[in-house]
Structures are given as C-alpha cells and as structure tokens.
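Noted in Swiss-Prot for the protein shown:
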- 298-493: domain 'Histidine kinase' (DOMAIN)
- HIS301: phosphohistidine (MOD_RES)
- 4-149: region 'GAF' (REGION)
- 178-289: region 'PAS-like' (REGION)
Amino acid sequence: MSTLGDLLAEHTMLPGSAVDHLHAVVGEWQMLSDLSFADYLMWVRRDDGVLVCVAQIRPNTAPTVLLADSVGKLAGPDDLPVVTMAFESGAIGRGSDKAGQGSRTRPGLDVEAVPVRHQGQVVAVLTHQTALAERRLTSPLEGAYLDCANDLLHMLAEGTFPNIGDLAMSRSSPRVGDGFIRLNEGGEVVFASPNAISAYHRMGLNSELDGHNLVAITRPLISDPFEAQELANHIRDSLAGGSSMRMEVDANGAAILLRTLPLVAGGKSLGAAVLIRDVTEVKRRDRALLSKDATIREIHHRVKNNLQTVAALLRLQARRTSNEEAREALIESVRRVTSIALVHDALSMSVDEEVNLDQVVDRILPIMNDVASVDTPIRINRVGNLGVLDADRATALIMVITELVQNAIEHAFDAKTEQGCVTIKAERSARWLDVVVHDDGRGLPVGFSLEKSDRLGLQIVRTLVTAELDGSLGMHDVPSGGTDVVLRVPIGRRSRGAQ
C-alpha cells in the first residue's frame, strides 16, 4: 500500500512545505474524526481535475460508514462536486454522496468538504461522511465534541490549524475519549466529559468543573508550584490564540497528561480545548520497567567483571605453565572469555538489550593480534557495518566471528609470509546479515571439509551457527588467492528451522 508521501509525489507537484502540512493534518485528524463522530478522506486534485484519495481515517467514537479502503481511489470532478467546489471556492461546502462515489461502499451519506489551506492556497480537501439516516438529537457531550470539531475545521480552512511543530506532540497526546474540557474565551469550563471529571477528582478536586476558571481550580492541586505556574501559562497562551501545548503534572499522587488546543476563528479567540488523561498506572509501569532494566544492566556488569576475573586467572596460569600446548589452550580460552565479557560490557550500557556489533568487534580485534601465537604480522580490517543485534544472538555471533578470524590468523599463513591480511566484510539487508571473513593466505588444505574438521574452534563455530543463529556457513578458496568463510544470519527473530 502506498504511503501519503508516495501518493502525493505520484499525483501532485506540491512543494515540500505543503507536503509537510498535509502530514501534520494526518497527524491530528484522529482527533478530528473522534470529535466529529465521522469518517474522513483526504483528497488532492491532479492537473487534469481528477480527484485522488490519499489518506483515510475512521473514528474511535462512532461506527464507521466507510467499510472499504478508499486510499488510492480516483474520482472524476462530477462524481464529487462538493469536493471540486471546495477546491475552486476555498470554502467549506456540504452535499450528499448519493451514488456512493466517495465511500466506494454505499450511497446515502452526508458529505462535508473542508479545504485544507496552506500559505493561502488550497492544497487538499477533507471530506467527512456521516449517514443521513442516523441524524438524531445530540447529548451535551456530543454537542461539545461537534462544536469543537467545527471550530477546528474552520481553522483548517483558514490555514491556522495544525501547526507543523505540533506533529510530534500529537503522537503522544491524550485522545478525545481520555478526557475533554471546553473552555470559553475567559478560561471558564463550559463542558467537561465524565473522564475529565474523574481525572480531576483523582488529582484531588472535590467540586465540579463546570463554570469554574480552569487555571484557578487547577493550580492548587499540583504538587510542584513551578509546574503549576507553567501549566497556567500554557492555558493562558492557548486562550490568547498561541500554540498547542502538552504537559505532564503530578497532583496528589496522580500523574496527569494534558494538552491545550487554541481555538481561533478570523483572528478572534473562541476559547480552548483541553485533552486530559490519567497516566498514573502507565507511569507506575514505566518506573517498574526502568527498575527491571537497571537490574538487568547491573547483572550484565557483574557478569562482565566475573568473566574478566576468569580471563585474568587464565592469563596468569598461561604465563606460569611450561607446557607450550597447555599455554596455547589457555590463551585461546582467554580470548573466548574476553569476547563474551565485551558483549556483556556492551549490554551493561544498553537500554534496549541490543548490542552494537561493530563497536564490540573493533574492541576485540586488537586483543586477537596481541594473543596471536604466530610470528607473521597480521593486519585485521573490517569493511561494512555489522549493525545492531539482539542480546540473545549477539554473543553467539561475536564468538563465531572471533573464532573465524583466529582460525585465519593461525592457519592461513606460512612462516615465509612477510605480512598477512584478514578482512571482515559485512553487508546487511532487511532480512539478512552476510559476513565474509577473507584472508590472503595459502588457501584450504587438500581434502579439507568444514563438516569433518576436528579443530575445536571450527566445531564451536558450527554449533553456534546452526543451534543459536539459525544461519549458514561455508568455506571456499578464492581464485585470486586466500580463503573466504561465508556466514549468513537472519536478522529477524525467526524460529529455528524456518525457511
């Protein structure tokens, strides 16, 4: 399915600022849909007059009347005359979709077309559809919602709503159903939804909201006087026609998220809307998660310290032993333990249980050169980015890469080689991480088989690749000289044995 940006690029020549404005409209129109109890479609017009639906939203507060997905559908100018008229006149119009062209589902819809103005030009038209047969007397809540929606739609037609700077704010704001308060131009509450009243009672309010000045009734409830003053300034700024504001406050042990929306028509303030949500339980869960994350990071830190202690003891024992074979085995163990310790070190500083593989590999490579048991100087390079991998598989992959590099250092070069080179080549796609460990040495021995090799390092590699990484591994000579070890690992969390 094409995105809004794709459809705008395909069918229009709108400048970047207009495209950003339409993205901002889409960022806010779930609120419009919920306030209007209506489905919304966004239409743009091609040079030949054909209308293209580029976005669609359905309400959370009412049943949808548009059962089909209309995004990408085309309509002629005569199919939706109310939309064509809105493009040409720049004014809000009303009509009916008797043939069902706009909905692609059923006829008999009441359609209101609202021009979206940006820098004085109509760049799109929003239509919101409601069923003609479902008109009835509205409740006070529905009336307050519809009045606010009407004000916002007129601001949309004037080009004063939304503000592009509010796009990020809209993604984390309270929803209409969480709690809604309507203020008049003097800052007095003219309507408060039941959820908004409950949120204020949670804050410690013992009286009703209706008829009271919201700033005066809210300030005493907030624990921090600086937060209270900041919220008061936000509300006053919105009443004066300023920008939308979002703020979280603590009151009487409750965490409350508020967003203020200025309502302005023709340059005159109509008051403000306040969306409010009780996020006390959400904050409690966030704190619990942060505590668990800190505990996990502390565990990784202690594991790293213990592994470093083990590596130090093995290194000390390697220095004291007189048996060369035992010394080499101990040094290999030091390298393996150090590799795992570096992964836990990275996890101890990560907040999302993911490891930057490039950073860990770059720290391991110098260590491998230091503990190499060959006299030939070896240069180790990394080309490309390994990227980030989840903690479950990062340790196994780091172990595999270090074993393959160590195997190349120890077995790829003969004593006459002046200098060897081992290169780690990484290429990452959406599904796969491909790693090639290349050396410019003498190539594989005659009759060598990866599956039948009795080298401990390669046995470890085979086990990790198949059992832990669900990947594939291959080794072959390179015509220009040397050997390539090719490793492919799925990036997604696939079950073992998945194709």
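Glycine is treated like the rest: Cβ placed from N, Cα and C.
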Per-state residue totals over the region 'GAF' (4-149) - DSSP helix, strand, coil: 51 helix, 42 strand, 53 coil
Residues near the residue listed as 'phosphohistidine' in space but at least six apart in sequence (CB under 8 A): HIS344, ASP345, SER348
For the region 'PAS-like' (178-289), the number of residues DSSP places in helix, strand and coil: 44 helix, 40 strand, 28 coil
DSSP state at HIS301 (phosphohistidine), helix/strand/coil: helix
Rounded mean pLDDT for the residues that make up the region 'PAS-like' (178-289): 92
